[in-house]
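**Student:** Heads up, here are the entries from Swiss-Prot:
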type	residues	note
BINDING	D84, D284, D343	Mn(2+) 2 binding site
BINDING	D84, G85	Mn(2+) 1 binding site
DOMAIN	53-352	domain 'PPM-type phosphatase'
Amino acid sequence: MWPWLERIASACWDRVRRYALTRRDEEDGSGSGGDADDLLLWSRDLVRHAAGEFSFAVVQANDVLEDHSQVETGAAATFIGVYDGHGGAEASRFISNHLAAHLVRLAQERGTISEDIVRNAFSATEEGFLSLVRRTHLIKPSIASIGSCCLVGIIWKGTLYLANLGDSRAVVGCLTGSNKIVAEQLTRDHNASMEEVRQELRSLHPDDSQIVVLKNGVWRIKGIIQVSRSIGDAYLKKQEFALDPSMTRFHLSEPLRRPVLTSEPSIYTRVLHSQDSFFIFASDGLWEHLTNQQAVEIVHNNPREGIARRLVKAALKEAARKREMKYNDIKKLEKGVRRFFHDDITVVVVFIDHELLQDGDESTPEISVRGFVDSGGPSSFSGLNGIS
């Protein structure tokens, strides 16, 4: 077959295949509209941002949703935040209410966005939450044990700024010349299951033989927590927030000599390339059940509409399969009970339309979309329109 004819045939077949997949999903209830009876699954599609569109989905497993998340759109910039809380929702909720505002304030003061500004926004958020802990821990000691992972992406002037604490993850789907999609992980997982993280902790704490402990087949810091970086978790950062023996799960047998967790984010900068098709931002509940490559292939091979929801459901189906169950069985379970089968999961898929990235789109709606909240509000990122 002539090369030009082969390319046309391939493109036509790709469209037919995608249509068939969509029809199949509509018929078997696995598409975005076929699971209205899963009351713990929320989604929002498709919303414009300055350089394309995004799809957003959250499923609740815990009795109280510990994942908080947001997308802020403006004519000049787009902000994506995924905050996977643990021990409670206070830290993830606090981040959702303050981090983007700190970033906008600092960017306006400096007249730009940079790695330092992102780092300082994280620092201000950590300081603010620790101040809250200091004011309330005598009344509610457990707040010292509450923390959150924090994954943030900012798209501004053709560049993606990424910052990460914990094991939420950002992955890019890159198109090859043969129209194949390849996953590239952009963030590092700060989790004690990773050998490099254990080595880092041991080098920072050479006098502490219990800095990482293998407990019931899982590596944990001080035998308690898996993530090595977070907002909050004050009891593992400052001795003043040590918890007494009555809270056995979080009690340390010896006084804290130095912080064992840090709030210093890993920061990455990526100039967007023409082959960067989309980005997936997700809490670890997704990555527990799907590989990076599986996730990008699902996005690449299906319509944009409902794609974040589709990813969440793919993870839930895999979680069900591991327990020799079906997704239909899991979605009938109540919140709290579902946590025995899967975690809270947040997914934001951000599509990049490179024509918009180059030319800009001043008509982009400036809105704030929050996970599991149906109504949108004004975006704080409208304040970035004037910076150069």
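A Cβ is built for glycine as well, from the same backbone N, Cα and C atoms used for every other residue.
As the structure is a computational prediction, the values presented were derived from the model and not from experiment.
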**Student:** Can you see whether DSSP assigns D84 (Mn(2+) 2 binding site) to helix, strand or coil?
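**Tutor:** In the DSSP reduction, D84 (Mn(2+) 2 binding site) maps to strand.
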**Student:** Averaging the per-residue pLDDT over the domain 'PPM-type phosphatase' (53-352), what integer do you get?
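**Tutor:** A mean pLDDT of 97 is what the predicted model shows over the domain 'PPM-type phosphatase' (53-352).
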**Student:** Can you give me the residues near the recorded Mn(2+) 2 site, meaning same chain, not D84, D284, D343 themselves, Cβ no more than 8 Å from the center of the site's Cβ atoms?
**Tutor:** D67, C149, D167, S168, S283, G285, L286, E288, D344, I345
**Student:** Whole-number Å distance between the CA of D343 (Mn(2+) 2 binding site) and the CA of G85 (Mn(2+) 1 binding site)?
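**Tutor:** The Cα atom of D343 (Mn(2+) 2 binding site) is 11 Å away from the Cα atom of G85 (Mn(2+) 1 binding site).
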**Student:** Per residue, counting other C-beta atoms within 10 angstroms of the C-beta, which of the binding-site residues D84, D343 reaches the highest number?
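**Tutor:** Its Cβ has the most other Cβ atoms within 10 Å: D84.
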**Student:** On the three-state reduction of DSSP, what should I expect for D284 (Mn(2+) 2 binding site)?
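**Tutor:** DSSP call for D284 (Mn(2+) 2 binding site): helix.
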**Student:** On a count of neighbouring CB atoms within 10 A, which of the binding-site residues G85, D284 is highest?
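**Tutor:** Per the Cβ count within 10 Å, the most buried is G85.
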